[in-house]
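Below is one structure, written out as structure tokens; comments come after it.
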Amino acid sequence: MTTDELIIATCLKAGKIMVENGSEISRVDDTMTRIAQNAGVVQANTYVTITGVMMSIQGRNATQIASVTKRTIDLEKVAQVNQLSREFAAQQIDLPTLHTRLGQLDQASRSFPLWLQLVGAALVSGPLMIMFRQETINTWPTVVIGTLGYLVFYLLNRYLKIKFLSELVAALFIGFAAEWAYQVGWGTNINDIIIGALMPLVPGVPLTNAVRDILAGNFVSGPARAVEALISAAALGFGIAVVITLF
Amino acid sequence: MGIVGQLILAYLAVLGFGLIINIPRHALNLAGWIGTLTWGFYLIVQAFDGGIVLGSFIGSVGIGVLSSLAARYKKMPSIIFNIPSLVSFVPGSQAYQMVRNFALGKYDQAVGFMLQVVVITGAIALGFLVAELLNQLIAFCRLRWQQVRS
């Protein structure tokens, strides 16, 4: 590999990891340009969208494209790419090392274990329900159903790999479970239970990123993310609506 | 439910959402504190009858500015702090009421809740915009201060 090719491959890898894991577009653009400049390229052109990353070096025959097909949320990886880029800027690591480290980062997933994520879901669903509704009677059913709902979403998303379908099924599960809890007299208000239990699944990251991308002037990626958030919200809403109309 | 209880719950909720979206371990605590502090701003606005919209606006301005400061302090991207902190401000309850009323065919109430969702989301977006302005102002002042000192 020539130096130009290595520079482009490194920048594309960094950009791809960041877009895949939920970074906003202007940050990706910034990081890629920084890496290129620190590698000694005076003028690099980058074009980042939510489904693909492109880069060329001005005046030389080097252009490459990396497509982004899967999108998850893993902000740890975004932070790690940021950290590696900083180390490269401070000349603590050289370009080939940066390339291999990015490759390792892409392979290894350092996410929290499942049980800790379930604790997270419980912490989101219970407290938010109390904050929104100012009452504590329905706390335990909300916590339990919220945790199980997130578990359903997590397992389905792992084996099914269609995010919207997993969200729909999880919403259906939450709806039926809340109805069941209400029928057996465990909870007193089915609406409160559903609101709390849905909170871990609410598309907060795509929505925030959509707003930020649009404000930064990225009119390709911002609306695309907004559509993603809207479809997630529609999947959740449809699941709940089915349960409401059934009972 | 007292104010202290609400603040503790806000901290726990931000921590929980941070665990779900996998933010780095040593950023969890700081993100939780940002969430607590901005929920405090929200409660103050509520205490003066400011309404949900103004509360969300002030809260998101606070999240934007504090996240930027935290990002500079911890040398991490600012989205690590502002996405989990925002979880308490997402209009989840109104969005649910909107879907529920649409499903039940009560369109007048559904549209009312939809407008609330749109206005709150708009307030949060506007808050981020104002926060961006303040961040640039802070960065400018910081630069000037360093020039004056040296």
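Keep in mind that glycine also has a Cβ here, set from the backbone N, Cα and C atoms.
Feature annotation from TrEMBL assigns domain 'Threonine/Serine exporter ThrE' to B:6-133.
Long-range neighbours of the transmembrane segment (B:7-27) within the same chain, counting only residues 6 or more positions beyond its ends whose Cβ lies under 8 Å from a Cβ of the stretch, are 33-36, 39-40, 43, 70, 74, 76, 80-81, 83-85, 87-88. Per TrEMBL, transmembrane segment is recorded for B:7-27 (among others).
Positions annotated as transmembrane segment by TrEMBL: B:39-67 (among others). Residues 3, 6-7, 10, 78-79, 81-82, 85-86, 88-89, 91, 116, 119-120, 123-128, 130-132, 134-135, 138 of the same chain lie 6+ residues outside the transmembrane segment (B:39-67) yet bring a C-beta within less than 8 angstroms of a C-beta in it.
Within its own chain, the transmembrane segment (B:79-99) is flanked in space by residues 10, 13-15, 17-18, 21, 23-24, 27, 30-31, 34-35, 38-39, 42, 56, 59-60, 63-64, 66-67, 70-71, 109-110, 113-114, 116-117, 120-121, 124, which lie at least six positions past its ends and keep a Cβ under 8 Å from the stretch. Residues or ranges marked as transmembrane segment in TrEMBL: B:79-99 (among others).
Long-range contacts of the transmembrane segment (B:111-134) within the same chain, counting only residues at least 6 positions beyond its ends with a Cβ under 8 Å from a Cβ of the stretch, are 52-54, 56-65, 68, 86, 89, 91, 94-95, 97-98, 101. Annotation source TrEMBL lists transmembrane segment at B:111-134 (among others).
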Inset, instruction - Average the pLDDT scores across the domain 'Threonine/Serine exporter ThrE' (B:6-133) and report the rounded value. - result: 90
